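A quick write-up on the structure given underneath.
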Amino acid sequence: MEKQRLKAQLSSLRVPLFSVPWPGQCSNKAEVIEARMMKWADEHNLLVTDEYRNRVIRTRYGLLAARCYPNAGEVLLQAIADYLVWFFLADDLFVDRVEVATDETIRNLTAMVDVLDLNVAGSPPVFGELAWLDVCQRLRRLLQAEAFERFAQGMRLWATTAALQILNHLRPTPVGIREYQTIRRHTSGLNPCTSLADAANKGSVQACEFYDADVQTLVRQTNNIVCWANDIQSLRIEIHQPGQFRNMVTIYAQQGQSLQDAVETTATRVNKEIAGFCELADAVTARPISDELHGLIDGLEYWIRGYLDWVVHDTMRYADQFIESDADDRRFSAPDLSLLKKNCSSVTESTSSLV
């Protein structure tokens with residue numbers, strides 16, 4: 001009933017555009033990175049059917065990496081692009097575009113945590129686990145130990161707060177906005193992404209600067225801007241998902257607003273976060289800070305602008321013409337046993353990489 005009421009309002013929905021006061025950038029290696037990313041996804045059997053392959057091609061995850069990390073070295077940028085394609089596929093197939101909870105949900109998510117904790121894959125590995133191990137091993141080699149742990153902690157929180165998201169969707173009514181914001185902050189997967197922003201620019205920030213209260217506020221504002229803007233931009237397709245479909249917009253609508261008013265309320269909050277980010281970033285960079293911290297703040301700006309530009313110029317992930325085919329992944333959620341065996345036998349823990 002909740003979904004049907006929301007779907008009835010989609011045809012007249014107006015989606016706002018967002019702007020930020022700094023220019024976008026993009027790595028000149030974007031197309032090379034995209035092509036290698038597709039090859040890597042093929043080698044790790046992540047593209048379960050031709051239909052799924054075509055979806056990934058038109059989504060352009062490599063372009064997202066190139067826009068959000070324009071100054072990254074080629075090897076690091078490739079690892080990030082491969083991570084992004086893996087993450088979006090895993091998030092869709094394990095959490096978002098399948099039933100709210102399945103027999104495999106806990107096994108899939110705990111396997112992702114075990115790769116981070118143990119640096120090995122299970123036997124047999126779950127779908128995508130060996131690809132995830134490859135990404136993690138490459139990032140371990142490329143990052144300082146503490147910097148990798150920031151990334152790893154973000155991913156652990158993604159996997160564990162997915163359970164809170166599942167509980168929210170098992171309820172007859174959604175949680176409140178405050179609770180949703182907590183869940184969204186971590187299930188988005190953005191914290192692992194922003195944890196790489198310094199290394200992709202001027203090198204890893206020391207812990208004393210990274211965990212400074214103002215710096216963490218900037219990280220959180222970046223997360224809020226991207227996630228809440230995405231709640232608007234992905235609204236049409238998420239309402240058609242079989243499992244996870246509640247977001248900030250739908251919660252405001254559940255509280256009595258029309259869907260259009262809920263979009264506008266969310267957009268106002270995004271713009272307020274952008275203004276707050278700009279003010280605080282100016283204040284922090286006016287202080288005597290390290291080059292690495294300057295690079296991190298630049299990297300947060302790249303992520304905000306890069307994501308917004310990716311949605312407008314590159315990706316068809318949220319395109320209306322693909323909603324019916326892309327919103328429901330239940331037919332892909334349990335790849336047949338022969339494919340899973342192929343995955344396990346053809347890719348080993350010592351998967352080759354660019355490093």
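For all residues, glycine too, the Cβ spot is worked out from N, Cα and C.
Model, not experiment: these values are computed from the prediction.
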Discussion item. Which range is it, out of 31-36, 91-96, 259-264, 337-342, that shows up in Swiss-Prot as motif 'DDXXXD motif'?
Written reply: 91-96
Item to complete: Excluding ASN230, SER234, GLU238, please set out which residues of the same chain place their CB within 8 Å of the center of the CB atoms of the Mg(2+) 3 site, keeping sequence order.
Response: ASP231, ILE232, GLN233, LEU235, ILE237, ASN247, TYR318
Worksheet item: Per DSSP, how many helix, strand and coil residues does the motif 'DDXXXD motif' (91-96) have?
Response: 6 helix, 0 strand, 0 coil
Worksheet item: Taking the Cβ of PHE88 (site 'Plays a critical role in the stabilization of intermediate cation') as the centre, how many other Cβ atoms fall within a 10 Å radius?
Response: 17
Worksheet entry | Candidate recorded positions PHE88, ASP91, ASP92, ARG184, pick with smallest Cα gap to GLU238 (Mg(2+) 3 binding site) | ASP92
Worksheet, complete the sentence: CA pair ASP92 (site 'Plays a critical role for substrate recognition') / SER234 (Mg(2+) 3 binding site), Å rounded to integer, equals 13
Discussion item. I'm trying to understand the geometry here, so how far is the Cα atom of ASP91 (Mg(2+) 1 binding site) from the Cα atom of ARG184 (substrate binding site), in Å to the nearest whole number?
Written reply: 13
Worksheet item: Among the recorded positions ASP91, ASP92, GLU238, which residue has its Cβ surrounded by the fewest other Cβ atoms within 10 Å?
Response: ASP91
